[in-house]
Amino acid sequence: MTFSELIDRVGNKGPFQFLNVVLLGLPVFGIANHNLLQIFTASTPQHHCRPPPNSSAGPWVLPMGLNGKPETCLRFVYPPNASLPNDTQGATEPCLDGWAYVSTRDSIVTEWDLVCNSNKLKEMAQSVFMAGILIGGILLGDLSDRFGRKPILSCCYLLLAASGSGAAFSPTFTSYMVFRFLCGFSISGITLSTVILSVEWMSTQLRAITSTTLGYFYTIGQFILPGLAYAIPRWRWLQLTVSIPFFAFFLMSWWVPESLRWMILSGKSSKALKVLRQVATFNGRKEEGEKLSVEELELNMQKEIALAKVKYSKVVLFRTPILRRVTFCLSLAWFATGFAYYSLAMGVEDFGVNLYVLQLIFGGVDIPAKLITLASLSYLGRHYTQSITLLLAGGSILALLFVPLDLGTLRTVLAVFGKGCLSSSFSCLFLYTSELYPTVIRQTGMGVSNMWTRVGSMTAPLVKITGEVQPFIPNVIFGTTALLGGSAALFLPETLNRPLPDTIEDLESWSLLAKDPKQELEAEKASQMIPLKPCGPDLGPS
């Protein structure tokens, strides 16, 4: 009996599965809020220098920039109508007395004056948040293997609630960045555990539906955030509002069962049997649960227990030519997707459109994007879908270079199209990566791949700073990188209708068959191929 057949005996599509998906899906709303929160809490309103305290009453005239608009970072040293020599009348100076902001809302920008020479700190704060996600992915993966998925999930819920609330009460910008780092760190642990715990109790046929359902939880979260931001004009209250629910999610997590597979592989078969019987009772199959025994569990999981005892380091990903090619191409595709995605997702205010409406559109494009991706994966295959989505995204970003700033609608259409393509790329990558790596190193391969998308998302805000040198530089870098990622995907083998490889030798044999179409055709006739389903949900970029 396989692990899937074991789940089938206690019910794989009963009320327990529905409740489990709801318990794990509700916090995903909040993950979307935290990932994109700085769009609103770090928005930069129109601003100009405050006049000197000793200036006379009346409007203080501002110097004009090369674009014909008032300067935001300079002011006249003396009033223009002052009786002074000609060489001093037009003299300017930095904003020595701070800035005046034209807005009814506040943000970390207005509170800590993150404008002009300090505007880089705004992008730095987002990079620090992404760095937390990167470090969390590296550390929490090993901890979840040692202590279990559920304890890490519960602790990360609590940490996100505490650090998110702490950010709302930060007295300084430095303390704000520390708390945001911890928010990113905890989000990584939540994502990791949710991926595993959500699909393990599902049948193979329902895993694709579960994956899509949890992906839509993230999409709906993107709809919720603009509404909250519009209703709550104070950034501290908005930060607190999206963080407090995780205290409730922490309490709810006690009803989420531990990973059954992890318990058996960790020698906790008695506890696993108890959980199985509880699930069987909940699904109305109490008699089937009573028939199970510890000995039966360990006997059926003998192969997986043996594989779990063999430890592979990350070096194995570069041992053979096929593994080197897969690792290099997937790493570039993951990096390009995260890199380009956050260039668009966090640059909403750059398009000159209403911030709240555009964020709703950005979230809404994920709905058709995910549906089109599912159809493309089934008919075109993973290989072409992955390449096309990144190539189209790169093309749309580069097209922005040729559209004038005053054509805001066209620029918005291109940005929304690119963002939809990158969302599709994420959906494809989660599935494609899990199918390319053999079972014995699948977790290692997924971990390394996810690390690269986090590096990309962490680097994206820093690259935006290069726009101060020349405005076109960031889009050139983002677009070119997406094109490179799409080109790299062309060198990956197709996995549509292929069985998952269990060992490195399986992958090598599969690669040899792919090079000889005749042998491959014979192998396909000799085996029964079934469509593969995603092994984990797409929770959006993290």
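Keep in mind that glycine also has a Cβ here, set from the backbone N, Cα and C atoms.
Feature region 'Disordered', per TrEMBL, maps to range 522-542 of the set 39-59, 270-290, 522-542. Contact between the transmembrane segment (238-256) and the transmembrane segment (155-173) is present: at least three CB pairs lie under 8 Å, with pairs separated by 6 or more positions in sequence.
Distant neighbours of the transmembrane segment (155-173): 27, 30, 34, 108, 112, 114, 121, 125, 140, 179-180, 182-183, 185-190, 193, 236-237, 239-240, 242-247, 249-250, 253; these residues of the same chain sit at least 6 beyond its ends, with a Cβ under 8 Å from one of its Cβ atoms. Below 8 A, the CB atoms of the transmembrane segment (356-381) and the transmembrane segment (214-232) form 3+ pairs separated by six or more positions in the chain. Model confidence over the domain 'Major facilitator superfamily (MFS) profile' (83-497) stands at 86, taken as the mean pLDDT rounded to a whole number.
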